[in-house]
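Presented below is the structure to which this report refers.
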Amino acid sequence: MPMSKLVDFGVSSHLAATLGRRNTSVGTPYWMAPEVIACEQQLDSSYDARCDVWSVGITAIELAEGDPPLSELHPMRALFQIPRNPPPSLGHPEDYSPHLSDFISECLVKDLEQRPFIRELLEHPLLKRGGVVAEKVRRELRVEITRQRAEGRAHRQPEVTTKHGKLKSDRKSKPQPMYMDDLAALDILSEDAIVEQLQKRFEQKQIYTYIGDILVAVNPFSDLGLYTDNEQRRYRGQSRSDNPPHIFAVADAAYQALLHQRQNQAIVISGESGAGKTESANLLLKQLVYLGKAPNRNLEERILQVNPIMEAFGNARTGINANSSRFGKFLDLTMTKGGKVTGARVSVYLLEQSRVSQRIQGERNFHVFYYLYDGLESEGRMAEFHLDPVLRLRHHYLGDDVQDMESKKTNIARFKQLKVGFRLLGFQDEQVDTVYRILAAILHLGDLEFGEVVTQDNTDNKSRIIDLAPLHRVSKLLGVEPSDLLESLTSNSVVTRGETITRNNTVIEACAARDAMAKGLYGRLFDWMVNQINTLLMFSRACSDEPLAVGLLDIFGFENFPNNSFEQLCINVANEQIQYYFNQHIFTWEQQEYMAEGIPVDLVEFSDNRPVLDMLLSKPLGLLALLDEESRFPRATDRSLIEKFHNNVKSKFYVRPKSNALCFAVHHYAGRVVYQAENFLEKNRNFLPPEVIQLLRQSHRDMVRYLFQCPLTKTGNLYSISQESPRVTPSMGSDSKERYSSIGLASQSRAQQTVSTYFRYSLMDLLQKMVSGTPQFVRCLKPNDTREPRLFDSGKVVKQLRYTGVLETIRIRQNGFSHRLPFADFLKR
C-alpha cells in the first residue's frame with residue numbers, strides 16, 4: 001500500500017526539560033502554533049513542547065494537499081490569520097481515511113492546555129498502524145535525497161522564518177521587521193504603539209492600515225505605484241484578509257456588500273485638508289467602475305471624466321493644500337442588481353463662491369481660470385474671448401499669478417484633459433465655448449474699477465467706471481448692452497408704496513455688486529455643469545434596471561488657518577457633522593445593539609461632539625441661527641453680531657476673546673479654532689442685486705439667460721429640470737424664460753435665502769444620503785504640514801489620531817463585532 005513517511009531529524013532542541021516553557025516567537029509562519037505567534041505581542045504568553053504537535057498537524061495537511069493552510073497568503077498575513085481563524089482541516093476529507101482527519105483534529109487544538117503531548121499522540125491509530133522504525137526511515141530518506149541530487153532534481157524551497165518580530169525570506173536574506181496591518185490586532189494598545197505601527201509601515205511605503213473594517217490612509221505626497229492594472233485585478237472579489245490593506249479593498253468590500261445585501265452602500269472619506277481625500281475618492285471610483293464593468297467601454301470612460309472636471313471647477317490652491325476641494329460632493333455610482341454600472345449622479349454642496357472675488361494672501365482662485373488662460377493661449381484662441389497674455393497679471397481675480405514654465409505646461413495639459421472630458425461626456429462645442437465666455441467675462445468683471453463722481457455740492461455719492469474697456473468686454477461676452485451693465489452696477493431701485501425710486505450706488509456698493517455678479521455667474525455655471533453631467537449620464541440609466549448605488553462622499557477637510565472666516569466655519573461645521581455620524585455609527589448605535597441583543601461587551605467611552613453641534617446648529621440660540629437673525633437687520637454690523645454671540649451662546653465650547661477684538665473661538669472635535677468675524681454678515685447674506693439678475697435675464701445668449709431664469713433648490717443649487725423628467729434635457733431656448741420667470745423671481749428677490757440657511761438644508765440632504773446606505777469609512781491622515789514625501793511627523797499624526805477617536809475605534813473593534821448579518825441574509829448564504 002502507498003505510504004508517505006514523515007521524519008524529524010531532531011536538529012533543534014530548546015527545552016531543558018520535557019515540560020519546560022519558552023516565550024520567544026520563532027518559527028516558520030505557516031506551521032507556527034497560535035501560542036507561539038502570541039508571544040510577539042503578549043509579554044506574559046508562553047508555550048511548551050506541544051507547539052510541535054500543532055506543526056505536525058499542519059504538516060499532515062501539507063502531505064495530503066501539497067501545501068500548508070494559508071500558503072497562498074504573505075507570511076505576515078498568515079501570522080495574523082492563524083490565531084484568529086478556526087483550526088484548519090482537510091479541504092476534502094472524504095478523499096482520505098477517517099484516521100487522518102481525526103489525527104489532524106487532535107493536533108490542531110487552539111487551546112494549548114487541551115492539546116495532547118507527543119507521547120499521547122503516538123498512541124493514535126494513524127501512527128500505530130504504520131509500524132515504521134524511525135532510523136530505517138532516516139536512512140531511506142538520505143539515500144533518496146542523494147539520488148535526486150545526483151540527477152540534478154533535488155532543490156530546496158526558500159524557507160521563510162520569523163524571529164523577534166522580524167521576517168527572513170530565506171537563510172541568506174536580512175531579517176525585515178513585521179508590522180500589524182490591522183491595528184485592532186494590537187495586544188498592547190497605546191498611542192505610542194499605534195503611531196509606531198503607522199510610522200514603520202509608512203517608512204516601508206505601506207500607507208494603508210486597517211482598524212477592523214475601517215481603512216486608515218496616510219498621504220504619501222508621492223506616487224508609490226500602488227494603483228496599477230495588476231493591483232486592480234488583485235483586489236477583485238477577494239476576502240479582505242487575502243491581500244494587504246488597500247483603498248481598492250474598500251471599493252471591493254462595498255461592491256460585494258451591494259451584491260450580497262442588495263442595499264445601497266456609502267463610502268465616507270474624512271480627514272483634514274490635505275490628507276488625500278480627493279485622491280482617495282478618485283481611486284475608489286476607478287476601482288468601482290472596474291468592478292462593475294459597464295455594458296460598453298464608452299460609459300466607463302465618461303464616468304471617469306466626472307471627477308477631473310469637478311476638480312477643475314471646484315478645487316483651488318490654499319495655504320496647506322495645492323488641490324483643496326472648495327465644495328462638497330456626493331457621487332452615486334448607480335448599478336443593476338447584478339452589479340453592472342449604469343451611470344452616475346453627482347450632488348454638490350456649498351461651493352466657496354467667495355473665492356472668485358477674494359482670497360487669503362498666497363492662495364489662488366479656482367483651477368479652471370488658470371487652465372483656461374494658458375490653454376487658450378496655447379491654442380491661439382485668446383482673442384475670441386477678449387483675453388490678452390499681456391494683461392494676465394492685471395486680472396484682479398487671478399491674484400498674484402506668478403508662475404514658472406512647468407506650471408504653465410501643467411495648466412495646458414489640464415486644459416486639454418478638460419476638453420477631452422467635455423467631449424467624452426457629450427457636451428456640445430457651443431456649450432463649451434459658452435462656458436469659456438462666462439469664465440472670461442468673470443475675469444474681466446474683476447477688472448472693473450469704480451471712482452466717485454465729484455459734484456458741485458458734494459452731496460451725490462454716485463460712482464463711475466474708471467476704464468470702460470473691461471465693461472465692453474464683459475457686455476460682449478455675456479450678451480448684454482454696456483449701458484445696461486453700467487446701470488445695474490452703479491444704481492439700485494427700491495419700490496415704496498407702488499413707486500420705484502432709483503438711487504446711486506457708492507463706490508463700495510458698486511464694487512460689492514460687481515463681486516456679487518461674478519460670484520453669482522460662477523456659482524450658477526458650476527451648478528449648470530453638474531446638472532448637465534447628470535443629464536448626460538442619465539440616459540444610460542433610464543433604460544436599465546437601476547435600483548442600487550455606491551455613494552462616495554468627498555468633502556472639504558477640517559481647516560484651521562491663522563485667519564479663519566465664515567467659509568472655515570461652514571467647512572468645520574460640516575466636518576463636525578460627519579464626525580458625529582461616525583461616532584454614532586461606530587460607537588453609539590453599535591453598543592446599543594450589543595445591549596439589545598444581550599451581548600456582554602465592555603462599553604467604550606468616546607468623545608461625543610453632540611453638544612458642539614447643538615451649540616452651532618440649534619434654534620433659536622445656535623450660532624448659525626443667531627447669524628441668520630442678525631443678517632435680517634439692514635443696519636447690523638460685525639460688532640453687533642459679535643455682541644449677539646457673546647450674550648446668547650451659553651456653552652463651554654464657545655470662547656469669548658479677552659480683548660474687544662471682533663473674533664470668537666469654538667472648541668471643535670479637532671481642536672480650538674479662532675474665527676475673525678469681519679464680513680460674516682456680508683458673506684452670509686450673499687446678496688445678488690435684482691438689477692443684476694434682471695440684466696442677465698435679458699441676455700441674448702441662451703445659456704446666460706437660462707442661468708438666471710432657473711430657480712434655486714433649498715440647498716441653494718440651480719434647479720435641474722431632469723429632476724422632473726429623466727428624458728428631458730434642460731432647454732436654453734427662448735421658452736426657458738417663460739418657464740422659469742415666475743419661479744425664478746421668487747427665488748431671486750430681495751428675500752433671498754442666506755448662505756447658512758442653504759447650509760442647513762445641505763447638511764440635511766447630505767446626512768440623508770449617508771444614512772440611506774450601509775457605510776464604509778476611510779480615515780485619511782496627513783503625515784506632515786509641508787507636503788514632503790517620506791516625512792512622518794509623529795506629533796502631527798498623534799493629534800489627528802486623538803480628535804478622530806482612532807484609539808477608541810480600535811478598542812471597540814477589539815471588544816466588539818464589526819460584522820453582522822441579518823438572519824435572512826445568513827440563511828441565503
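Cβ coordinates are placed from backbone N, Cα and C, and glycine is handled just like the others.
What TrEMBL says about a protein is an automatic prediction, not a curated fact.
Quick caveat, the model's predicted, so the values are computed rather than measured.
Per TrEMBL, these features apply:
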| type | residues | note |
| --- | --- | --- |
| DOMAIN | 1-127 | domain 'Protein kinase' |
| COMPBIAS | 148-173 | compositional bias 'Basic and acidic residues' |
| REGION | 148-176 | region 'Disordered' |
| DOMAIN | 178-829 | domain 'Myosin motor' |
| BINDING | GLY271, GLU272, SER273, GLY274, ALA275, GLY276, LYS277, THR278 | ATP binding site |
| REGION | 763-785 | region 'Actin-binding' |
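What surrounds the ATP site, by Cβ distance within 8 Å of the Cβ centroid and not counting GLY271, GLU272, SER273, GLY274, ALA275, GLY276, LYS277, THR278, is the set ASN219, ASN321, GLY557, CYS780, LYS782 from the same chain. For the domain 'Protein kinase' (1-127), DSSP puts the residue distribution at 53 helix, 4 strand, 70 coil.
When the binding-site residues SER273, THR278 are compared by the number of other C-beta atoms lying within 10 angstroms of their own C-beta, SER273 comes out lowest. Look at GLU272 (ATP binding site): DSSP puts it in a strand. Long-range neighbours of GLY274 (ATP binding site) (same chain, six or more residues apart, CB within less than 8 Å of its CB): ASN219, ILE320, ASN321, SER324, GLY557, LYS782, ARG787. The predicted model assigns the domain 'Myosin motor' (178-829) a mean pLDDT of 87. The secondary structure of LYS277 (ATP binding site), as reduced to three states from DSSP, is helical.
For GLY271 (ATP binding site), the same-chain residues 6+ apart in sequence whose C-beta sits under 8 angstroms from its C-beta are ALA217, LYS277, GLY557, PHE558, ARG779, CYS780, LEU781, LYS782, GLN800, THR804. Residue counts for the region 'Actin-binding' (763-785) by DSSP state, with H, G and I taken as helix and E and B as strand, are 9 helix, 8 strand, 6 coil.
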